[in-house]
Amino acid sequence: MKFELDTTDGRARRGRLIFDRGTVETPAFMPVGTYGTVKGMTPEEVRATGADILLGNTFHLWLRPGEEIMRKHGDLHDFMNWQRPILTDSGGFQVFSLGDIRKITEEGVHFRSPINGEKIFLDPEKSMQIQDSLGSDVVMIFDECTPYPATHDEARKSMQMSLRWAKRSRDEFDRLENPNSLFGIIQGGVFEDLRDESVKGLLDIGFDGYAVGGLAVGEPKADMHRILEHVCPQIPADKPRYLMGVGKPEDLVEGVRRGVDMFDCVMPTRNARNGHLFTSEGVIKIRNARHRDDTATLDPKCDCYTCKNYSRAYLYHLDRCNEILGARLNTIHNLRYYQMLMEGLRGAIETGTLDAFVKEFYTSFGREVPELIV
């Protein structure tokens with residue numbers, strides 16, 4: 001992977017990630033394909049929304065279908081027929097989400113399979129091996145996602161173990177002679193001194209890119225913004241910056257303003273299945289009865305297949321009847337909305353008009369622009 005930085009506007013960055021399987025324009029949003037599919041979508045449909053790269057889930061793909069079946073197909077690209085870049089998370093966040101059915105030790109994590117209750121062990125070495133079998137273009141280190149709230153001491157212990165796991169991930173990745181890219185994950189909760197220690201430790205190990213983890217786990221938005229403003233300038237300018245698991249459209253805007261290059265989130269797809277649709281004027285809840293006879297399109301500014309062909313009344317009807325097509329059309333729209341937002345942000349950075357773009361974005365929702373600390 002090669003990262004090219006073209007231009008900046010304030011702290012916002014316009015660039016691209018160049019892989020053997022294709023180029024990803026940044027800032028970029030990655031749709032989430034947890035089980036090797038963006039729910040309800042074919043790869044061609046996902047690509048048509050403007051997506052350059054997908055995120056796959058190491059933890060779930062390890063449990064089903066497993067490494068053996070994956071290797072029989074070649075890798076995840078061949079298995080799901082997506083011949084463009086794929087980033088896979090390490091499984092750390094999913095283990096974090098298991099709560100009481102997992103036990104974290106220095107060696108790794110013991111837990112019971114959420115599928116059949118089988119006892120399973122996952123550690124940094126195994127995570128690297130699984131991601132190697134997936135053929136991931138971007139591999140994420142195995143880390144512990146620091147919970148929120150956490151005391152300074154709890155966050156420190158978690159972050160320092162993640163640093164030790166980062167070194168083990170790096171060593172195993174190198175032992176496997178994996179030709180792809182490995183990203184480190186910055187932890188430390190909401191504590192700036194711990195984030196500093198994490199950044200320094202990861203830079204000493206050396207990675208191809210750096211993610212900011214442990215955010216969007218319940219902390220106030222002000223804390224997320226503060227940590228991003230503190231951490232992003234410490235990441236070398238020639239390395240991509242990835243904000244994991246984020247988020248709402250305004251979170252992407254605020255992340256870009258603070259220098260983030262990459263995002264992922266299940267929100268556009270999950271919300272689509274629940275009838276929450278993002279538009280240039282705010283969220284439309286298509287299940288609201290007011291849309292029963294509404295002949296308007298979802299968003300006159302959107303060029304997606306759904307907006308070009310169907311009315312709000314039709315989408316309301318499909319949802320009321322629990323038709324699969326409704327969820328698919330909603331997903332196409334939400335994914336395209338996110339990609340159009342990223343296209344707009346990239347264009348604004350290129351032309352030096354990001355402030356105006358951000359102001360218009362918030363004005364359309366009747367909201368004030370959040371202040372940057374610096």
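Any Cβ shown, glycine's included, is placed from N, Cα and C.
What Swiss-Prot annotates here:
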| type | residues | note |
| --- | --- | --- |
| ACT_SITE | Asp89 | active site, proton acceptor |
| ACT_SITE | Asp264 | active site, nucleophile |
| BINDING | Asp89, Ser90, Gly91, Gly92, Phe93, Asp143, Gln187, Gly214 | substrate binding site |
| BINDING | Cys302, Cys304, Cys307, His333 | Zn(2+) binding site |
| REGION | 245-251 | region 'RNA binding' |
| REGION | 269-273 | region 'RNA binding' |
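Rounded to a whole number, the distance between the Cα atoms of Ser90 (substrate binding site) and Cys304 (Zn(2+) binding site) is 32 Å. Its Cβ placed at the centre, Asp143 (substrate binding site) has 32 other Cβ atoms within 10 Å. Across the structure, Asp143 (substrate binding site) and Cys307 (Zn(2+) binding site) are spaced 41 Å apart at their Cα atoms. Note on the binding-site residues Ser90, Gln187: the fewest other CB atoms within 10 A surround the CB of Ser90.
For the recorded site, Gly92 (substrate binding site), the DSSP three-state label reads helix. With Ser90 (substrate binding site) as the anchor, the candidate binding-site residues are Cys302, Cys307, His333, and the one with the nearest CA is His333. For the region 'RNA binding' (245-251), residue counts in helix, strand and coil come to 3 helix, 0 strand, 4 coil, using DSSP. Summary of the Zn(2+) site environment: with the site residues Cys302, Cys304, Cys307, His333 set aside, the chain residues having Cβ atoms within 8 Å of the Cβ mean position are Thr297, Leu298, Asp299, Asp303, Tyr305, Thr306, Lys308, Ile332, Arg336, Tyr337.
Distances between the Cα of Gln187 (substrate binding site) and those of the recorded positions Asp89, Asp264, Cys302, Cys307, His333 are shortest for Asp89. Counting in whole angstrom, Cys302 (Zn(2+) binding site) lies 21 from Asp264 (active site, nucleophile) by their C-alpha atoms.
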